[in-house]
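Taken from TrEMBL, the feature Ca(2+) 1 binding site covers Phe24, Gly26, Gly28, Glu68, Gly258, Thr299, Glu304. Sequence annotations record features per position, and here TrEMBL assigns Ca(2+) 3 binding site to Asp298.
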Amino acid sequence: MESLKIPELVPSAAEDSQQLRKAFVGWGTDEACIIKILGHRNAAQRKLIRETYEATYEKDLLQDLDGEISGDFQRVVHLWTMAPAERDACLANEAIKHLPGSNCIIMEIACARSSVDLFKVRQNYQARYKKSLEEDVADHSTGDFRKLLVSLVTALRYEGEEVNMELASDEAKILHEKISDKAYSDEEFIRILSIRSKTQLNATFNQYNDKFGNAINKDLRANPKDQYLTLLRSAIKCLMEPEKYFEKVLRLAMKGFGTDEESLTRVVATRAEVDMELIKEKYYKRNSVTLESAISDDTSGDYEKMLLALIGHGNL
């Protein structure tokens, strides 16, 4: 008989709040304490810590953290401590201010989240910024990018496993026709990508491959420098194989000289509780080096320690 694994006891939210408060008081900040606590608590636990901290000290934990720490360490701790929908709403708002350069961030939030999670992001966005997410995306983007991004952020996909193979076959033909005609932003093309369930889309893309001899993303490489096609391919990869998409984002963030800390922080903070183990497997398979080693080589100090805590977060 398999022995039961006794879970490690986690301190109460009151104890965690007290320890965090101690980390902020007096000369200097106890960064190790921040990492030890927040780097090892799941979303529900972090939510309770924030609520308890505010009730006990009449202070906002995020504001206190921002006042005590700085730089990339502050950024990753702040994003991680937020609730997932709140975090995505903030990331979306930041990205909208820098469109079109940050199209991929809006796309990630629209394509890599479940329908329920995306709906929560939209609710949080509206409550926080007094405008709808789709309204802000539309106001700050143009042309084909606007058509695609607005459709993706307003998607309410079916989450079940049922597949209509006849529909998959028909829509594979439609997609092929549009690609053959270079009608990449055609309404029908975007409609299929935006409303079909991920399971249905997977069947459609398999049909495409079987019927026409190429993966759909290969046929969307007509012009590698076309930024819209790049976004379209990324959306398809993010919908179908998010772990492969995020592995590539991490790889590019740490490739060559310098590090793209913004992308590294975003991916680790948003995927640590979702599919980080799969991403780590893909990373090792693609690069023959562990993600832990890559992060250690490219980062340092408390920022490095927090990132490593989060990618080892496991099933807390």
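Quick reminder: no glycine exception, Cβ is built from N, Cα and C everywhere.
All annotation found in TrEMBL is predicted automatically rather than curated by experts.
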Applying a 10 Å Cβ distance cut-off over all chains shown, what neighbour count does Thr299 (Ca(2+) 1 binding site) have?
22
Rounded to a whole angstrom, what is the C-alpha distance between Glu68 (Ca(2+) 1 binding site) and Asp298 (Ca(2+) 3 binding site)?
24
List the Cα distance (Å, whole number) between Asp298 (Ca(2+) 3 binding site) and Gly258 (Ca(2+) 1 binding site).
8
